[in-house]
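One structure below.
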Amino acid sequence: MATFGNVEAQLAPDPALSGPAPTTKRKLKPSITISGLAAEVFSVRFSPDGKYIAAGCGDGAVRVFNAKTGTVSQTLSTGSSEGLPSTILRFRPSGDGSRTKNVLLAANAMGVVEHWHVTSGKCLHSHVEEGADNQIYALDYAPSGAEFAGGGKDCAIRVYDEDTRKLKATLKGGSGYGIKASAGHSNRIFSCKFHPTDPNLLVSGGWDNTVQIWDARAGASVRSLYGPHLCGDAIDVSADGSKILTGSWRPEDQLQLWDFGTGTLAETVPWTSSLIQQREPCMVYAAQFAKAPKNGTEPLIAAGGSGANEARVFDCHANYAMVGTVAGLERGVFTLDFSPDGKRLAVGGGDATIRVLDIIGADEWELERPGTAAN
């Protein structure tokens with residue numbers, strides 16, 4: 001059975017930390033639980049207006065739910081007749097408001113990329129990613145919604161025009177620098193992200209222990225950094241473009257922040273061992289900044305994975321104090337997503353369940369649970 005909330009008392013002391021653990025005034029409050037799905041959840045995303053939650057599932061289906069009630073709004077079948085997983089989802093950004101709303105980009109392990117209109121349940125477009133047997137694990141939209149990019153098994157990032165659906169650039173190889181740097185990826189790509197302020201730049205990571213920074217104008221990687229081992233959708237860029245967030249599938253140094261300009265490690269967020277069921281350390285599959293205005297460092301980071309089978313939320317403005325956790329799960333956390341306003345978090349994974357939590361302040365917590373807001 002999952003446990004929710006703020007479980008600082010259940011965390012083992014970290015010998016690397018001195019003094020009391022940092023604290024935050026924000027808390028996690030369980031909202032809705034969407035259970036009984038037909039397969040595990042590999043990707044979960046809020047729509048730009050926050051009204052829907054889409055889930056890419058292990059049976060190849062994309063299921064869409066009402067974000068307030070958890071009821072099913074649509075069940076979309078993807079291009080995988082073999083029932084291979086729907087691996088990654090992205091809603092198209094609203095942009096200037098001139099584009100059709102609630103358009104969802106979905107990809108699967110057959111290399112099929114589809115555009116769905118969630119409200120009507122209609123497939124607007126479908127194509128097979130170029131490259132023999134190219135399974136797709138990573139997708140992202142440019143902030144304007146004018147372009148989207150995908151990557152996967154064949155180690156390349158492909159950038160498409162959203163209006164024409166035509167391939168604009170194939171990003172592969174590059175210059176690389178340093179002893180451990182690489183000229184592009186040498187193994188599968190599991191996450192990619194457009195830079196929030198420069199649409200020509202993208203960041204990606206995967207199995208080869210590198211993060212690549214691509215320039216679409218050059219058609220190649222222009223810089224890389226060595227270290228993160230990504231096995232899921234676990235790369236993000238801060239709203240001001242200054243920091244890269246990575247989540248690694250390993251038992252230590254799982255969650256890290258890197259300086260975008262220099263490529264140097266800026267921070268390793270402590271992930272103290274959990275005492276719940278004496279489980280092994282958490283190895284991260286998914287990591288994300290909370291959505292926030294372009295006003296500097298994002299207030300929150302969420303991450304989750306397997307091993308300890310948990311998800312955690314950290315407060316960047318409180319020395320990475322833990323806001324709360326979802327723990328005690330029977331299977332790993334594969335995916336998570338903050339709502340557009342940063343006030344909710346959806347968590348999904350191997351137990352075929354989506355858990356939605358509200359992020360509230362100490363005052364609201366105190367009203368519901370008197371005398372506990374300081375805990």
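Quick reminder: no glycine exception, Cβ is built from N, Cα and C everywhere.
Of the listed segments 1-27, 109-135, 244-270, 325-351, TrEMBL assigns region 'Disordered' to 1-27. The highest tally of CB pairs under 8 A with the repeat 'WD' (34-75), across 129-170, 182-224, 326-359, is held by 326-359.
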